[in-house]
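Working notes for the structure below.
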Amino acid sequence: MSSIDRSQSAGGTRTYEVRTYGCQMNVHDSERLSGLLEDAGYVRAPEGADGDADVVVFNTCAVRENADNKLYGNLGHLAPKKASRPGMQIAVGGCLAQKDRDTIVKRAPWVDVVFGTHNIGKLPVLLERARVQEEAQVEIAESLEAFPSTLPTRRESAYAAWVSISVGCNNTCTFCIVPALRGKEKDRRPGDILAEVEALVAEGVSEITLLGQNVNAYGSDIGDREAFSKLLRACGNIDGLERVRFTSPHPRDFTDDVIAAMAETPNAMPQLHMPLQSGSDPVLKAMRRSYRQERYLGIIEKVRAAIPHAAITTDIIVGFPGETEEDFEQTLHVVREARFAQAFTFQYSKRPGTPAAEMENQIPKAVVQERYERLVALQEEISWDENKKQVGRTLELMVAEGEGRKDGATHRLSGRAPDNRLVHFTKPDQEVRPGDVVTVEITYAAPHHLLAEGAVLDVRRTRAGDAWEKRNTAEQAKPAGVLLGLPKIGVPEPQPVVASGCGCD
């Protein structure tokens, strides 16, 4: 029996809680952290534990300005709990831990473990070492020790899964610290990726999202410029895989073969999230983004020609150093031309260690706020107009879990359309489970969701729904002390603090 196993036997079942901040990469890493801890004998704390678990892990983000304040505020909240509970441990990982390795324990000496983005597999060992040695363990690897997809994973969903195809980023955007923290791009072999997808489908997963910091640069390791489009097409040949998505691509690497693969692969969903960041050529140059407005709008035009019903979303940064009113108007121009379904908008924030932080002509906060509000108002209007075009359409939805905050009160359920729009629909008499597919007619549009208020036209029970039911039944059958039961459909579970775009793609 390992020392970790012995500690669990001696002290009884120990619980854990993982708190996630940042992008989808962190969400997937948190699934691995949960898998590692459960593999080591820990069990998940009940929802709403709020720091009452025996081990609390923070998986942090370093992109936004308030990331530091958020972390240390949460750590301060846990300090009295830890002081009153011998044996409780706190671990900090992710991008902020990679960046602030030397200061976290100084500012919060009650933290037990600090680990980085390259060695998440060490967490159980570091926790045990901190317990035995009774001192903080700070261990940051400078490069990837093993591709994280080899680690055990506790997936949050029984019917949808992330699949990493690469880690790291070779771009040098002046506002972004991620490449310094996640390292250079490293690609997985196509055979390993497809084997993981096939294994997930065998478990009942029917939707996968191919994940990378710059997903369509995939293949740079092997010198194959069309590797990503080939991977998309290969996913189209996997029986039982109904939906394939990917995030996030970079406009520089968005080639015609990728557009063709999206259009011609039956299970590739009509959805594209492609960060814009700015519509101004001078600002894009200062950002070191390696494309210009004409190139970006040209990609949008080609995608819409090949996939007319595609929903296109983006990331935009407002108030980059040196941004003039004319520059900002160019961003508004692109937003009007592209007609994004949604835009994840961010106010520029200085990140120490990035070239942009040292640039002259930092924009006053009041100016940034005013521009931000104008951009949000414009995009809100466009999002609503684009959603109104969906009214009257008949759509197949994959029933989702925890997507609708008011589902229980309104007797509705929620699902995702092929283009990833959120749809709330009337709960049918027939039982439906997350992962099942329903056919509905859209009757109403709001800026951020659609409604299907009539009767459901069809219900298709799926292997994904079977997988959800099997896991839910197994979780509810666990002993009461473990408390791992999943919420029932229609009742939302707390979601990690995640932005669909983090401004770093």
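In case you wondered, yes, glycine gets a Cβ from its N, Cα and C as well.
All protein chains included, CYS61 ([4Fe-4S] cluster 1 binding site) registers 25 other Cβ atoms within 10 Å of its own Cβ. Here Swiss-Prot flags CYS23, CYS61, CYS95 as [4Fe-4S] cluster 1 binding site, drawing on sequence analysis.
Under the heading [4Fe-4S] cluster 2 binding site, Swiss-Prot lists CYS169, CYS173, CYS176, citing sequence analysis as support.
Restricting the average to the domain 'MTTase N-terminal' (14-132) gives a pLDDT of 89. The feature domain 'MTTase N-terminal' is assigned by Swiss-Prot to 14-132.
Residues or ranges marked as domain 'Radical SAM core' in Swiss-Prot: 155-386.
Residues annotated as domain 'TRAM' in Swiss-Prot: 388-456.
Annotated pair CYS176 ([4Fe-4S] cluster 2 binding site) and CYS95 ([4Fe-4S] cluster 1 binding site), C-alpha to C-alpha distance, rounded: 12 Å. Counting in whole angstrom, CYS95 ([4Fe-4S] cluster 1 binding site) lies 14 from CYS169 ([4Fe-4S] cluster 2 binding site) by their C-alpha atoms. Here the binding-site residues are CYS95, CYS176, and the one whose Cβ sees the fewest other Cβ atoms within 10 Å is CYS176. Under the three-state DSSP scheme, CYS95 ([4Fe-4S] cluster 1 binding site) falls in the helix class. Rounded to a whole value, the Cα-Cα separation of CYS173 ([4Fe-4S] cluster 2 binding site) and CYS23 ([4Fe-4S] cluster 1 binding site) is 17 Å.
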